[in-house]
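The following features are taken from TrEMBL:
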DOMAIN    8-43  domain 'EF-hand'
DOMAIN    44-79  domain 'EF-hand'
DOMAIN    81-116  domain 'EF-hand'
DOMAIN    117-149  domain 'EF-hand'
Amino acid sequence: MSESLSPEQVSEFKQAFDIIDRNKDGVITIDDLHELMKSFGKELIHAELKDMIRHADADGNDEVDFTEFMALLSRQLRQNDLTDELRAAFTLFDKNGDGFITKNDLGPILQTLGYDTSSENLRRLINEGDRDRDGKISFVEFCNVMQSN
């Protein structure tokens, strides 16, 4: 996992881990998370804290060691990179910047690329991604389509 991270990132992750690991036992526990969240003014119930641990806890021991912590943050960084790429692609299609892709946005792009721009084809393409059936594709719907293909 650490081979995809720069030495600077590993160092930053270690610093963050050490801050969260309040008793310095080498693992982040529910108690550590509870204290961290309290310091941010958030009072979470035990089940919420356990769920946070569960997402990072690869070996199921109800604790997060540094390797699991790095894996979690690495996944988050990759997800953020993907979201940034999808946002950039979405912006290319959302010509008027209203936060949606419509037939009016899609038509000129498809025409430039030499694709069928008939009203029927544009409606079909929009319908493929339009989960809420409002006649347009939101960013979330766009992400769902792009990640399923």
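These residue numbers are counts, starting from 1, taken along the chain as shown.
Backbone N, Cα and C define each Cβ position, glycine as well.
Where the annotation comes from TrEMBL, it is an automatic prediction and has not been curated.
Predicted, not measured: the structure shown is a model, and the values here were computed from it.
Using DSSP to sort the residues of the domain 'EF-hand' (117-149) gives these counts of helix, strand and coil: 21 helix, 2 strand, 10 coil. Applying DSSP to the domain 'EF-hand' (44-79) sorts its residues as follows: 25 helix, 2 strand, 9 coil. Residue counts for the domain 'EF-hand' (81-116) under DSSP (helix as H, G, I; strand as E, B; rest coil) come to 23 helix, 2 strand, 11 coil.
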